[in-house]
Amino acid sequence: MASPVFHHAVGTLQSHRGLHDSGLRFSHDLGFSVKLIPKGLEAHIGLSRRSLNGCERKYGVIKASSASPTSVAGPISSPSINDTNELQKKSSEAALILVRHGESLWNEKNLFTGCVDVPLTKRGVEEAIEAGRRISNIPVDMIYTSALIRAQMTAMLAMTQHRRKKVPIVMHDENEQARSWSQIFSEDTLKQSIPVIKAWQLNERMYGELQGLNKQETADRYGNEKVHEWRRSYDIPPPNGESLEMCAQRAVAYFRDHIEPLLFSGKNVMIAAHGNSLRSIIMYLDKLTSQEVTSLELSTGVPLLYIFKKGKFMRRGSPVAPTEAGVYAYTRTLALYRQKLDDMLN
Ligand SMILES: O=C(O)[C@@H](CO)OP(=O)(O)O
């Protein structure tokens, strides 16, 4: 029997719509169940985008409203406050790992990259593997990446190091055929899998007419101050590109709509994304002001751990090594998970 530690990671297969008689559907409804507790009642729902959207409506999970100049948290409408408070009181604990992709070929060349889809360098591959080593004892039930290959490579390479050895599987729901052709017909195999969701909303900020330009040459041409403003200010966009505020409007909205409900339900989530899409999410998690976020810098391939508990995000920094005692002292759940891995593998 699965231990309590693994129970939520494994999930429960449901015979809801989307499970065919002949087999288990993974790509659309993912085949996992999520337990949410609305207003004192328990309900199992399928973990699909469709049902999560329903759950957002039903349980009042907050949609990001247009970001205020000082915080991407934005105002919360009153019906949501009640439902969310209710969920917060009862929600389980979950780990959230954020990782910026490893070094890309354009990072190496010092070019503005934005939404240009550039792969990792050899060093970036090594950084991703090292990131995976550092989080190899932390539970991961769901993975979100941007639509860009450098984030996807990072997530996949990181997971090669994970001690639980579940298989990350990319979800394809771009059309009905993709959904149907990527079904999995074994319950056991499903239990050993981690769904990987690609979302363009987590992409790097669109850098407009700076994409492909050399950062140093651009600073020489327009001045350090102007280029720094384009790169790090909250609300000033680069020419025909997205400001951090604009990037936050899609990235934070996606986080709140799709990822926060999973954390509420106790799912452990890893997000592999980009310098600026992650800066906007961290601004939301840490409640940074538009001034504070200007000095936030993320290194390539460094994982950041948050614990989500009672509706609050607690930043736990970056685990330096897989066995770093401090990481497991953070919560009993993480310590138990690691103990379970040790028992299983030794
Ligand atoms: O070029 C980019 O896409 C980003 C991240 O590498 O650059 P910046 O450091 O200016 O945000």
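Cβ coordinates come from backbone N, Cα and C, glycine included.
What TrEMBL records for 100-107, 113-114, R150, 204-207, K215, 231-232, 275-276 is substrate binding site. As annotated by TrEMBL, active site, tele-phosphohistidine intermediate applies to H101. Taken from TrEMBL, the feature active site, proton donor/acceptor applies to E204. Per TrEMBL, site 'Transition state stabilizer' is recorded for H274.
The shortest Cα-Cα distance between H101 (active site, tele-phosphohistidine intermediate) and any of the recorded positions E204, K215, H274, G275 is the one to H274. Candidate recorded positions: E103, E204. Fewest other C-beta atoms within 10 angstroms, E103. Counting other Cβ atoms within 10 Å of each Cβ, the binding-site residues G114, G275 show the lowest value at G275.
Secondary structure from DSSP puts E103 (substrate binding site) in coil. Only E204, G275, in sequence order, out of the recorded positions H101, W106, E204, G275 have a CB under 6 Å from ligand 1. Around the Cβ of H274 (site 'Transition state stabilizer'), 28 further Cβ atoms fall within 10 Å across all displayed protein chains.
Here the CA atom of the residue listed as 'active site, proton donor/acceptor' lies 5 Å from the CA atom of H274 (site 'Transition state stabilizer').
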